[in-house]
Amino acid sequence: MSYLFTSESVSEGHPDKVADQISDAILDYFIAYDTNSKVACETLVTSGQIILAGEVKSKVYLDIPEIVREVIEGIGYTKSEYHFESKSSGIISLIHEQSNDISRGIERESPLDQGAGDQGMMFGYATNETANYIPLSLDLSHQLMKELTNIRKYEPELMPYLRPDAKSQVTIRYHDNDIPKSIDTIVISTQHDEFDTAEVMQSKIMKDVRNILIPRIKANYSENIQALFDDKIKYYINPTGKFVIGGPHGDAGLTGRKIIVDTYGGRGAHGGGAFSGKDPSKVDRSAAYAARHIAKNLVAAGVSEEVLVQVSYAIGVTKPINIFVNTYGKSKVKLTDSQIAERVLEIFDLRPKAIENRLKLRNPIYKETAAYGHMGRLPKIVKKVFTPRYANVAKSKDLKKELKVELFTWEKLDYVKKIRKIFQ
């Protein structure tokens, strides 16, 4: 018996992702000018308004509204008819200083003895069904949204009616052995200009999605994945018939409401903690990245076809409470899952500061994670430029920061040889 599994993604213009990108852009600015900044930034976006709240401990004071407007403009909310626009939307910042009770519990004389920023359990997952070790349903969903955004931003003549907000959903039919058999359903809802009757608009968008978007997505995959794109796929494109009112004007957006889109599309597990707006002292983020790094390297090293890793922490405590490994009965080594977990601890230091150091997390690398998934991305070195506008940063001689940073370090397969040696 085959079975169906579904994952979804959203575009960078989706209200919740707008909020995530604002929170992570603010985090990046703080870390760019003070690498030891402690940040927890939450964002609410709605019609013509952005509200920020959270806690910060930092040596710098930044022009938060200017950073927010820069993000909104970059996404593409630049027209008054969107009722959410970069230049005219109101911004309220309620960010205040981090509690001394929290910082007292985290900071230590020796940096490596730094305690966890909160309690909680975090999960990492990997599967060998795609080249980037994430579920195919999720990868396709992300690629649909990324390519639709690329068309909107860089080739608007192809689909000139596109607006920033969009969602995708892909259902894969699997064989009993968990190998993808076919693509069953593709759902895309994309915001658009009002250019005709509802019926004509839906028909035009459906045609363009199938004739322009889908061939581009298909071309990016290997032959075995391309073979899954057959004429039996069910397409639901803007199934309500019309999607003109969207973005934060259509739905309020909040930081941290797309945690399954951010991770594994419903596969594996999730501890419940969101990522965006949190500096790496928050193990919600850093330990989830570390667990993904472990899981991906285990699968790439051939330990198992599929791996789930759980770690947990207590606030202020340096070492994790536990590590749990599940290979779903697909292990390729003659060890129990508990024995695999023991060997993982021999290889990976899971103290919070050790994770920060290993994955280079004390760098302004976070805005790029805030749309199209934190996992399954391509590690790369980029140059980022930060230009503050005022306050104590503006008194510095180094007004403009140009930094080379490495993105998505937790996606690197840099422990495969070490794992193979220990598990041989």
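Backbone N, Cα and C atoms are what each Cβ position is placed from, and that goes for glycine too.
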Joining Asp165, Ala166, Lys167, Lys242, Phe243, Asp251, Arg257, Lys258, Ala274, Lys278 at the ATP site recorded in Swiss-Prot, out of His14, His374, is His14
Among Glu42, Glu55, Glu147, Glu199, indicate the single residue that Swiss-Prot lists for the L-methionine site containing Gln98, Asp251, Lys282.
Glu55
Using Cα coordinates, what distance in whole Å links His14 (ATP binding site) and Lys282 (L-methionine binding site)?
25
Neighbour count, 10 Å Cβ-Cβ cut-off, for Lys242 (ATP binding site): what number do you get?
14
If we take the residues Glu55, Gln98, Asp251, Lys282 that the record assigns to L-methionine, their largest CA-CA distance in Å comes out at 30
Spatially, and counting Cα to Cα, which of the binding-site residues is closest to Asp251 (ATP binding site)? Options: Glu55, Gln98, Lys282.
Glu55
Please state whether DSSP places Gln98 (L-methionine binding site) in a helix, a strand or coil.
coil
Give me the CA-CA distance between Ala166 (ATP binding site) and Glu55 (L-methionine binding site), in Å, as a whole number.
31
